Amino acid sequence: MTDVDLAFDEQEYIPAVAQDADSGDVLMLAYVTEEALRKTRETGEAHYYSRSRDELWHKGGTSGHTQAVKEVRVDCDGDALLYIVDQTGGACHTGYESCFHRTVDGETVGEQVFDPDDVY
């Protein structure tokens, strides 16, 4: 499937960070299975694996807030991926541009770009 060895964990997941191709902002962290990575590469749109729902997940399949994957990179240990994406709409299901929209002190630092009640 790839030209490099990937180190999936014992549950057959590998973490994937999504990064905005234009701004460089980190948008989200999710998990990928071999099937999710294959679908991402086949379609050019981000696919992840929802551990809570135990199913393959096409990012934006419900909301329309898709991620067009420009490149997939792997870290030096082969145990993490970086999806460099063109994000349509917000990446976070809470309506924010990034899932990393809060500090550990509780301060909101991100921008809410849609109302989740209108989408889900």
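Glycine too: its Cβ is placed from the backbone N, Cα and C atoms.
Predicted, not measured: the structure shown is a model, and the values here were computed from it.
Per Swiss-Prot, the features are:
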- Asp75, Asp77, Asp79: Mg(2+) binding site (BINDING)
- Cys76, Cys92, Cys99: Zn(2+) binding site (BINDING)
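Structure coloured by features recorded in Swiss-Prot.
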| residue | record | DSSP (3 states) |
| --- | --- | --- |
| Asp75 | Mg(2+) binding site | coil |
| Cys92 | Zn(2+) binding site | coil |
| Cys99 | Zn(2+) binding site | coil |
Taking the recorded Mg(2+) site as Asp75, Asp77, Asp79, identify the other residues of that chain whose CB atom sits within 8 Å of the mean position of the site's CB atoms, giving them in sequence order.
Ala7, Val74, Cys76, Gly78, Ala80
Using a 10 Å cut-off on CB atoms, tell me which of the binding-site residues Asp75, Asp77, Asp79 is the least crowded.
Asp77
Whole-number Å only: compute the distance from the Cα of Asp77 (Mg(2+) binding site) to the Cα of Cys92 (Zn(2+) binding site).
28
If you count, for each of the binding-site residues Cys76, Cys92, Cys99, the other Cβ atoms lying within 10 Å of its Cβ, which residue has the minimum?
Cys76
Report, in whole Å, the straight Cα-to-Cα distance of Cys92 (Zn(2+) binding site) from Asp79 (Mg(2+) binding site).
24
Cα distance (Å, whole number) from Asp75 (Mg(2+) binding site) to Cys92 (Zn(2+) binding site):
24
